[in-house]
Amino acid sequence: MESIAQLKQLLANQVEWLSHYGADSDGGVTRLLYTPAWLKAQQALAERMREAGLDTYYDDAGNLYGRLEGTEHPEEVVLTGSHIDTVRSGGKYDGAAGILAGLACLRRLYAQFGRPKRTLEIVSLCEEEGSRFPITFWGSGNMTGRWSMSRIPDVADAEGVSLGQAMADAGFGPGTHRPCRRYDLVSFIELHIEQGMVLERLELPIGIVQGIVGQVRLTFEVCGETNHAGTTRMAWRKDAVAGTAEMTLALEREARSAGDPYVATVGKMVVAPNVSNVIAGNVLFTVDLRHPDALSLEAFARRIVERFYSIAAERSLQLSHRQWMHADPVPMNEELVHRLEQTCKSLQVSYHEIHSGAGHDAQLLSAVCPSAMLFVPSRAGISHSPDEYTDAQDLAVATRVLADTLYQLAYVGGQRQA
Ligand SMILES: NC(=O)NC(NC(N)=O)C(=O)[O-]
Ligand SMILES: [Zn+2]
Ligand SMILES: [Zn+2]
């Protein structure tokens with residue numbers, strides 16, 4: 001493999017290159033699923049994969065793969081990769097880091113050692129974030145059976161375009177490419193930015209993820225009464241914004257008093273009619289709840305929902321809600337974690353055992369194959385922001401660890417992983 005200095009330069013250049021697809025004027029990146037920016041990025045990546053000697057293909061959902069077919073066990077696939085969709089006004093590293101690192105690994109491994117014994121693939125997954133449509137993990141979910149092309153969820157984006165239509169417009173959908181579901185994966189390793197401050201504070205270049213937090217997302221609709229801001233006495237109002245504010249603060253109080261590691265967020269509100277001299281009659285807002293323990297998370301979600309309904313009743317507001325996302329907390333595969341630790345030790349790279357408070361595709365893939373993750377530090381812990389930044393040196397070191405681990409899994413031996 002090239003030196004760390006060369007790898008650092010390569011990765012820094014590639015991060016800039018990929019960030020041009022969907023670049024915002026403020027330095028951020030917006031690549032929403034099936035939009036032209038997203039599609040062009042997938043096509044450009046496919047080109048780079050082919051230049052590296054990989055065979056490329058898409059599945060029906062739009063996941064892009066680059067493949068090095070195994071010489072001895074082609075039916076056993078060692079997979080790496082991450083996602084290229086971003087949140088609105090996101091950064092250059094979330095998702096992209098794992099794809100560019102993975103591509104650098106496969107390029108070098110192929111150039112140096114030729115074809116592996118087991119098949120080695122990289123995947124650029126679609127819609128991890130749930131930014132355009134109210135569904136998350138659409139790409140990895142289709143691979144693992146969580147989602148299916150035969151039951152495309154009836155959801156639409158903010159402009160009213162349905163998921164099925166957007167998918168078809170981008171050239172994907174049932175029967176357009178290869179089937180999504182994978183039964184041949186033997187390991188998945190995802191490199192990702194930490195999106196937190198733990199590694200930076202410890203001044204360590206690598207986190208080996210032990211487990212991923214569980215999460216629940218819900219949308220609430222508060223219905224009050226639209227009325228005149230000047231002539232409606234305070235006692236007569238059914239103010240949907242005031243009710244939403246009370247619910248939001250109640251949520252914050254509940255999470256704080258429950259203590260770490262509970263986190264709860266109202267990240268989106270849509271107010272109608274959203275006019276300065278009109279009492280709002282309607283608010284839609286989302287709630288994102290997370291905890292590493294499944295039962296605690298479930299109980300917390302129930303408590304919050306009950307609390308919101310009682311606030312609505314006290315204010316004579318109508319309330320309805322829908323839970324549209326649930327991801328179980330999952331541990332990472334012990335054997336792969338151990339292997340990553342051994343690789344770090346043999347390369348004399350210091351690491352930290354870390355838990356992920358963010359959701360990841362590895363969470364879904366761990367249901368179908370041993371899965372693990374490597375984290376690289378995020379400057380000031382900032383992510384989902386144009387200010388997201390990861391030092392190319394750290395990225396290069398982690399890429400080296402990833403490459404060595406993929407080498408062991410795909411080139412050495414040929415026995416199935418436990
Ligand atoms: N790594 C992420 O930013 N993931 C995000 N997206 C999902 N789907 O969990 C999140 O909100 O944590
Ligand atoms: Zn993200
Ligand atoms: Zn991500």
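Heads up, the Cβ atoms here are built off N, Cα and C, so glycines get one too.
TrEMBL labels come from automatic prediction, so no person has curated them.
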In TrEMBL, R217, N277 are given as binding allantoate, so which of R233, R290 is in that site too?
R290
So TrEMBL lists E129, H384 for Zn(2+) 2; which of D94, D169, D184, D328 goes with them?
D94
Figure out which of H20, H177, H192 sits with H83, D94 in the Zn(2+) 1 site per TrEMBL.
H192
Quick check on the binding-site residues: of H83, H192, R217, H384, whose CB has the lowest count of neighbouring CB atoms inside 10 Å?
H384
Tell me, if you would, which residue among D94, E129, N277, R290 (binding-site residues) has the fewest other CB atoms within 10 Å in the structure shown?
N277
Would you mind sorting out which binding-site residues among D94, E129, N277, R290, H384 put a C-beta under 6 angstroms from ligand 3?
D94
Where ligand 1 binds, which of the binding-site residues H83, E129, R217, N277, R290 are close by, with Cβ under 6 Å?
E129
Determine, to the nearest whole angstrom, how far the Cα atom of H384 (Zn(2+) 2 binding site) is from the Cα atom of R290 (allantoate binding site).
17
